[in-house]
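Okay, structure first, notes after.
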């Protein structure tokens, strides 16, 4: 036979006895050759010699085409096939060509499904030995490759090479469609699928397509409910390790990514990237339906559901559907009553972290968002955006029933209930119905007598903050709403609107009894009481 020396463990044959002897060390795990720099062991001396070049950074073999250098000659030989395009090893199953035989051998396992290398720690199997070796570093925590710039450690050399490009700013791979530069070739391949729309990996459960296999693997955990990565601080589970890492920053308070413009820190790099676009004004992703621009792709994807009306996430409790999964997760807390985020000042609980952050500004008085038109400040950016529509007069949300327009969508939603007559929020004390939850909350204070808002000038208490704000204008004498016709000032906008009807002659409120119209609802109410008294009097006379 051509290979007379056979391994009794795995059956592999060798032409020479010393080849078998070297091979047996894989099974016995004998590693007699040790690196004096880092202590790593090797079964063969030439393995140690190759490894030492990592520490010495010796790369004597240079590519004549592109100048790239290599520590080993066989690495250069393999690299040269990139330039020649030579792929002499062909798969008999699908015809795909490979530059190296070991790449073909590895590829064939896709067709056979063979995964002979199993992790002794967790039982996970791999088609390639080097994949198992890489995987084992998760359990051992070994990170032998250190960045000289920032000291960060990596389990694999190629991860270090990629990381170094952050410091150098090198982005050698450029997209021919949009000119975007990326640090790695596989990132470019993934990016190109945005332009081609290619999604070759399909979920067998729901049919959703993905441009990359790892995205599909991540997605499948939604269906299986698998969350193998657990926070050691609070026990919360995550489907992906990269989700656990930023979560840990909540406990440590670490914000390693800092904006060079304003110094603000972020726990995640993608949040910093998004933030930077506030300074640059860049909006890379544009909606093809309405032209609106977005700084992030996922924001565009979310926005597109407004046009398509797609709401794939449905609440199993009440049947309400949502365009985004996180909106469903937030909504579910209404049913569970879960409020994991607590204010350290007053103890109030919140279902969402951003609701807590907004609430905390009540205690700190922080209002970082200022209107450039009138100087008014706001605690939240979305409040400023809504306020700006007062100055621009923009009212993009129109009622299909009566044509009335609104600056904000939730105002339109509330208004629509006038037409439908729907009042889903009912007082348990008196049965009165409301179209929105916050008027019900305000109304309940009538029954319980709660008046938490106190005037610092005269001590008068109010059930609602806006009532206190209106009342304070009595003390300050401030009348910000002025009639352009006669110059009369008003403390409240609704009083101003009512007054303007005197000049316009508009009488929107009509009595159903006699048809007389009035400019204000309170005047109509007084008038209707007159009918009530007359009717009562007439009823008494008839009963005599």
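Glycine residues also receive a Cβ, built from the backbone N, Cα and C atoms like all the rest.
Where the annotation comes from TrEMBL, it is an automatic prediction and has not been curated.
Keep in mind it's a predicted model, so treat the numbers as computed, not measured.
Going by TrEMBL, these are the annotated features:
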DOMAIN    5-32  domain 'C2H2-type'
DOMAIN    61-88  domain 'C2H2-type'
DOMAIN    117-144  domain 'C2H2-type'
DOMAIN    145-172  domain 'C2H2-type'
DOMAIN    201-228  domain 'C2H2-type'
DOMAIN    229-256  domain 'C2H2-type'
DOMAIN    257-284  domain 'C2H2-type'
DOMAIN    313-340  domain 'C2H2-type'
DOMAIN    341-368  domain 'C2H2-type'
DOMAIN    397-424  domain 'C2H2-type'
DOMAIN    453-480  domain 'C2H2-type'
DOMAIN    481-508  domain 'C2H2-type'
Secondary structure content of the domain 'C2H2-type' (117-144), with strand meaning DSSP E or B: 12 helix, 4 strand, 12 coil
Outside the domain 'C2H2-type' (453-480), six or more residues from its ends: residues with CB under 8 Å to it: 442, 445-446, 489-492
Non-local residues, at least 6 beyond the ends, that sit with Cβ under 8 Å of the domain 'C2H2-type' (61-88): 50, 53-54, 97-100
Chain residues outside the domain 'C2H2-type' (341-368) and at least six past its termini with a C-beta under 8 angstroms from it: 330, 333-334, 377-380
Across the domain 'C2H2-type' (61-88), average pLDDT on the 0 to 100 scale: 82
Helix, strand and coil counts within the domain 'C2H2-type' (481-508) (DSSP): 12 helix, 4 strand, 12 coil
Secondary structure composition of the domain 'C2H2-type' (313-340) [DSSP: H/G/I, E/B, coil]: 12 helix, 4 strand, 12 coil
